[in-house]
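**Q** Take a look at what TrEMBL says about it:
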TRANSMEM  7-26  transmembrane segment
TRANSMEM  46-65  transmembrane segment
TRANSMEM  77-95  transmembrane segment
TRANSMEM  101-118  transmembrane segment
TRANSMEM  138-160  transmembrane segment
TRANSMEM  172-190  transmembrane segment
TRANSMEM  241-259  transmembrane segment
TRANSMEM  279-301  transmembrane segment
TRANSMEM  313-333  transmembrane segment
TRANSMEM  345-366  transmembrane segment
TRANSMEM  387-407  transmembrane segment
TRANSMEM  413-434  transmembrane segment
Amino acid sequence: MSPEGKKLLNIIILGFGFMFMFTAFQTCGNIEQTVIKSFNSTEFHGSGYTSMAIIYGVFSASNLIAPSVVAVIGPQLSMFFSGLLYSLYIAMFIYPYTWSFYTASVLVGIAAAVLWTAQGNVLTINSTDSTIGRNSGIFWALLQFSLFFGNLYIYCAWHGHVHITDKDRRTVFISLTVISLVGCFLFFLLRKPDSECSSSAEATEPLLQEEPCNNTATSGVLTSAVLSAVKACKLFITREMLLLGVSIGYTGLELTFYSGVYGTCIGAMMRFGQDAKSLIGISGICIGVGEILGGSVFGILNKRIGFGRNPIVLLGLVTHIIAFYLIFLNIASDAPLAPEEGTDLEAFITPSVGVALFCSFLLGLGDSCFNTQLLSIIGFMFHDNSAPAFAVFKFIQSIMAALAFYYSNYLLLHWQLLILVVVGFLGTITFFKVEHMASSSRRQSDYDSI
């Protein structure tokens, strides 16, 4: 296989590994607040929103050490062990206890930082400036198939259920745990890409380090770990990353909204009928369709159709504003905070299932527009410092997601939507500024090479 083909295969394997893992985890996040409300046990006092706030809060702090972990044990093992902790969190719902719920939340926060830093590292070392957009799109599209498969299963399993029984819960979470473990073991299929110093014999070895030709001593590895942490701190205060931070922060806020809050809102709408609970699964599928479409068109085909990044990000903002406006009209303001019995309040129009699912599609499409272009521009501008750069990316995203999950416990829907609109608008402006800087840098590089 050619070196380019081997790199593309690594991207596809990476995408499938994440697809299996997040088929389980994103489905878990989408339904956990609804599941918790239905618990028969009076000894469990956890909150899905609080759990997610803990996960993303620990996630943000752990990004400071994640580059060091990836530098010491390599991206492949980093993703595998992180995946095991994701599986542990999902398995906790089979026999839930408050203490194990929040302990697992902390462990997943640490695992998430390492997992996504390693993912960015693998994506970057298997890409060039000319393929980073394509590879980001391929990875994103495969990852978002997780929303389709996981939520289709939830719809089939819960169709017609008004109340989620203990048996229903255990069946679902045992299945999700097995699916997550499959994704973990797929990471062992990754192979290191060919480099100038690699031989054909080395080409079949696992992808363990970004620079596999250097057999460093333990002291050298530890030095590399310290340097990675220092680089992450330095990158965080660069002008480019500070500007991108607003865009990245917006993706954290809307991640919280579409992956947790919106599904809960749909499940709480009594006026959607007895199938409101199963509509959570259909909503997740629609989000997944939007994510896959966006990842495919604006990631894989972006270079062929010559759009560039700015129009795609602008499209993401427009689709999100349309979705937020329709949600404001269609969903009752108290839906995020409603009890298991739901709410029978109306917003400004008669609640429509069709409008609710169309909004789910728009949320997914807009999210893919932002994320594929952020992955692309960070991979381009920080190619030589990919692990620290993606650690900073996830640090900002996760701390904003944690903040959003926290305020979701208290704010009515219309206030949450207002925050999303304001931050999304500001994030689009700052992205345009950084894209202009990247274009100038590219033109200067082309001029210097003449």
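Cβ from N, Cα, C; glycine included.
Since this is a predicted model, take the numbers as computed values, not measurements.
Help me understand the surroundings of these features in the structure.
**A** Note on the transmembrane segment (7-26): residues 1, 79, 83, 86-87, 89-90, 119, 122-123, 126-127, 131, 135, 138-139, 141-143, 145-147, 149-150, 176-177, 179-180, 182-184, 186-187, 189-191, 193, 207, 259, 284 of its chain, located 6 or more positions outside it, place their CB under 8 angstroms from a CB of the stretch.
Long-range contacts of the transmembrane segment (46-65) within the same chain: residues 29, 32-36, 96, 98, 101-102, 105-106, 108-110, 112-114, 117, 229, 232-233, 252, 256, 260, 264, 391-392, 394-396, 398-403, 405-406, 408-409, each at least 6 residues beyond the stretch ends and with a Cβ under 8 Å from a Cβ of the stretch.
Beyond its flanks by at least six residues, the transmembrane segment (138-160) meets 8, 11-12, 14-16, 18-24, 26-27, 30-31, 119, 123, 168, 171-172, 175-176, 179, 274-275, 277-285, 287-289, 291-292, 294-296, 299-300, 364, 368, 371-372, 375 of its own chain at Cβ-Cβ distances under 8 Å.
For the transmembrane segment (241-259), same-chain residues at least 6 beyond its ends with a Cβ under 8 Å from one of its own Cβ atoms are 26, 29-30, 52, 56, 235, 287, 313, 320, 360, 363-364, 366-367, 370-371, 374, 377-378, 389, 392-393, 396-405, 408, 416, 419-420, 423-424, 426-431, 433-434.
Counting same-chain residues at least six beyond the ends of the transmembrane segment (279-301), those with a Cβ under 8 angstroms from any Cβ of the stretch are 26-27, 30-31, 34, 133-134, 136-141, 143-148, 150-156, 158, 258, 262-264, 266-267, 272, 307, 312, 315-316, 353, 356-358, 360-369, 372-373, 376.
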**Q** So what's near the transmembrane segment (101-118) in sequence-distant terms, Cβ-Cβ under 8 Å and 6+ beyond its ends?
**A** 44, 46, 50-52, 54-63, 65-67, 69-70, 75-76, 78-79, 81-86, 88-89, 92, 387, 390-391, 393-395, 398
**Q** When each of 77-95, 172-190, 313-333, 387-407 is checked against the transmembrane segment (413-434) for Cβ pairs under 8 Å, which one has the most?
**A** 313-333
**Q** Among 172-190, 313-333, 345-366, 387-407, which stretch has the highest count of C-beta pairs below 8 Å with the transmembrane segment (77-95)?
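**A** Ranking 172-190, 313-333, 345-366, 387-407 by Cβ pairs under 8 Å to the transmembrane segment (77-95) puts 172-190 first.
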